[in-house]
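The S-adenosyl-L-methionine binding site feature in TrEMBL is assigned to 35, 36, 37, 55, 80, 102, 109.
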Ligand SMILES: C[S@@+](CC[C@H](N)C(=O)[O-])C[C@H]1O[C@@H](n2cnc3c(N)ncnc32)[C@H](O)[C@@H]1O
């Protein structure tokens, strides 16, 4: 079981500082994982504070039982894309003082070969964050059109050889189905001519399939919109991304809500109308992990934190 696998929280101080915690505030951790950020948030809360945590992974929910005795803590099993609905059901919409999202996969998910996320460990080609439902990566690869596979590899993996890899998968799969991570990793290794230094040739395709199988980008977009909806005036949004697709989304999202509405030049519009769209104020620049953190935790390498504040309108 995954309990043998630990997770070192990334940008822990910076992300929680970004939330600017008030002891009696109400916070949401959309990505409980193993609860590193959640525990830090709880350590800043007084007895009237509250933390609602979400995770779609049943093993994360199991790990959250360790906090079950804390009356300030609530755990929800589900996708953070539904964040606004969960908060609405709890009657807390518009009252949330901070939302934290630490995107991507946890170390236990990556390190447990049985979850099928890693090309370095042989296991069933699963990749579902919520492995209690939905199609696995193996099931998708067994049926997907070449066009669809190529699109996924290119769009979500920024893979240059997307079409070639998709064709090779389709050509091989009837005879040797791709059931295990090593089946897919070795095919890509075999057909990749120009290998990048320090990067396994299957890195991009594994990332792409994971994003597709878990609808990750749709979930992020819904979660960000949901966060703006549930945050109280001056509430904080603190988001850690792990790859350029995620960070680009977060950056554009914050920009979209921090700029005045664009109207054709010369149209008579009031200041108020122009500012209708302004719901967020970005706080500072993107934050990256310190050298000391990277030395301790090389997995933090690609992480980027962005913080924004909900405007009072
Ligand atoms: C990087 S880990 C979070 C680690 C956590 N901050 C900690 O310190 O232990 C990401 C977690 O988010 C969860 N997750 C990813 N996408 C999700 C989604 N759309 N909805 C809910 N949970 C999600 C994963 O299952 C994983 O447990």
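Just so you know, glycine gets a Cβ as well, placed from its N, Cα and C.
A TrEMBL annotation is a machine prediction, not a hand-curated record.
Shown on the structure are the features that TrEMBL records.
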residue: 35; record: S-adenosyl-L-methionine binding site; Cβ neighbours (10 Å): 23
residue: 36; record: S-adenosyl-L-methionine binding site; Cβ neighbours (10 Å): 20
residue: 37; record: S-adenosyl-L-methionine binding site; Cβ neighbours (10 Å): 28
residue: 55; record: S-adenosyl-L-methionine binding site; Cβ neighbours (10 Å): 28
residue: 80; record: S-adenosyl-L-methionine binding site; Cβ neighbours (10 Å): 26
residue: 102; record: S-adenosyl-L-methionine binding site; Cβ neighbours (10 Å): 26
residue: 109; record: S-adenosyl-L-methionine binding site; Cβ neighbours (10 Å): 24
### Query
According to DSSP, which kind of secondary structure is residue 55 (S-adenosyl-L-methionine binding site) found in, if we only use helix, strand and coil?
strand
### Task
Can you tell me how spread out the S-adenosyl-L-methionine site is, meaning the largest CA to CA distance among 35, 36, 37, 55, 80, 102, 109, in Å?
17
